[in-house]
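**Q** Take a look at this one; I'll ask things after.
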Amino acid sequence: MADYHNNYKKNDELEFVRTGYGKDMVKVLHIQRDGKYHSIKEVATSVQLTLSSKKDYLHGDNSDIIPTDTIKNTVHVLAKFKGIKSIEAFGVNICEYFLSSFNHVIRAQVYVEEIPWKRLEKNGVKHVHAFIHTPTGTHFCEVEQLRSGPPVIHSGIKDLKVLKTTQSGFEGFIKDQFTTLPEVKDRCFATQVYCKWRYHQCRDVDFEATWGTIRDLVLEKFAGPYDKGEYSPSVQKTLYDIQVLSLSRVPEIEDMEISLPNIHYFNIDMSKMGLINKEEVLLPLDNPYGKITGTVKRKLSSRL
């Protein structure tokens with residue numbers, strides 16, 4: 001029988017690159033009651049902690065470990081006593097708690113995702129306590145803080161599905177013996193936006209308003225003017241245009257990462273049925289799909 005405890009001792013030829021442990025998908029619904037007017041935040045939170053020692057890994061010594069069940073309970077208690085003004089502020093509260101409460105925690109990383117509830121509204125009148133789930137882009141954030149430094153905050157949008165039926169094309173690409181894709185001047189353009197940005201400072205930032213502004217800018221650049229749209233020669237160009245517009249309009253952010261899958265819709269051939277399909281009936285194709293990514297940041301000279 002293998003002697004696991006004796007065979008796997010500290011190895012001087014190895015070193016840790018990074019360690020962490022925590023609790024994922026801690027779900028909370030926080031209700032703020034101001035008389036009969038109620039406000040809600042529902043979130044899913046994941047917490048990762050890094051400790052100053054590695055004795056739990058090296059020797060199976062658990063004396064420094066904060067149980068992950070305790071981490072879960074802490075998230076619940078912080079929601080009660082701190083509330084959830086924004087998911088970014090909540091993430092900072094969690095990081096600060098673990099770093100200030102446990103001297104051997106040297107790094108805290110928190111991911112928070114907000115479930116998209118929207119208050120019911122009719123004819124300009126907002127309901128006092130009823131909400132509807134509106135999955136038109138998910139707000140998420142990542143907060144990381146080291147013991148020796150301030151929190152670093154990323155915010156983002158994911159699962160924002162958008163489509164336009166014209167004002168998009170793809171021409172002038174490389175053609176070789178394996179190319180079957182024809183050039184096209186007019187096509188459907190559909191994607192599911194993933195967009196993440198970093199704040200260069202966290203004081204006096206209205207995270208909720210900034211997120212809403214960037215979401216509006218993404219939609220503005222994708223769609224173009226409401227009466228005529230805006231032509232996109234490639235997904236790459238649209239991606240970059242979104243980044244340029246966002247960093248020019250939102251001075252609080254330092255960089256932006258975007259991922260845009262190119263979700264295909266193909267014209268269905270009806271010629272065998274004696275019909276001409278003029279891009280009226282299309283076939284959505286989930287897989288495979290193109291994926292275009294890009295990250296930009298402000299040049300150092302632009303920050304001086």
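Counting starts with 1 at the first residue shown.
Note: Cβ is positioned from N, Cα and C throughout, glycine not excepted.
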**Q** Starting from the urate binding annotation in Swiss-Prot that includes Thr68, Asp69, Phe170, Val235, Gln236, Asn262, which of Arg187, Arg249 is the extra site residue?
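**A** Answer, per Swiss-Prot (urate site with Thr68, Asp69, Phe170, Val235, Gln236, Asn262), from Arg187, Arg249: Arg187.
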**Q** For Lys27 (N6-acetyllysine), name the DSSP secondary structure in the helix/strand/coil scheme.
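**A** Reduced to three states, the DSSP call for Lys27 (N6-acetyllysine) is strand.
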**Q** Return only the integer: C-alpha distance in Å from Lys228 (N6-succinyllysine) to Asp69 (urate binding site).
**A** 54
**Q** Sort Asn262 (urate binding site) into helix, strand or coil using the DSSP assignment.
**A** strand
**Q** Cα-Cα, whole number of Å: Lys185 (N6-acetyllysine) versus Phe170 (urate binding site)?
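**A** About 6 Å separates the two Cα atoms.
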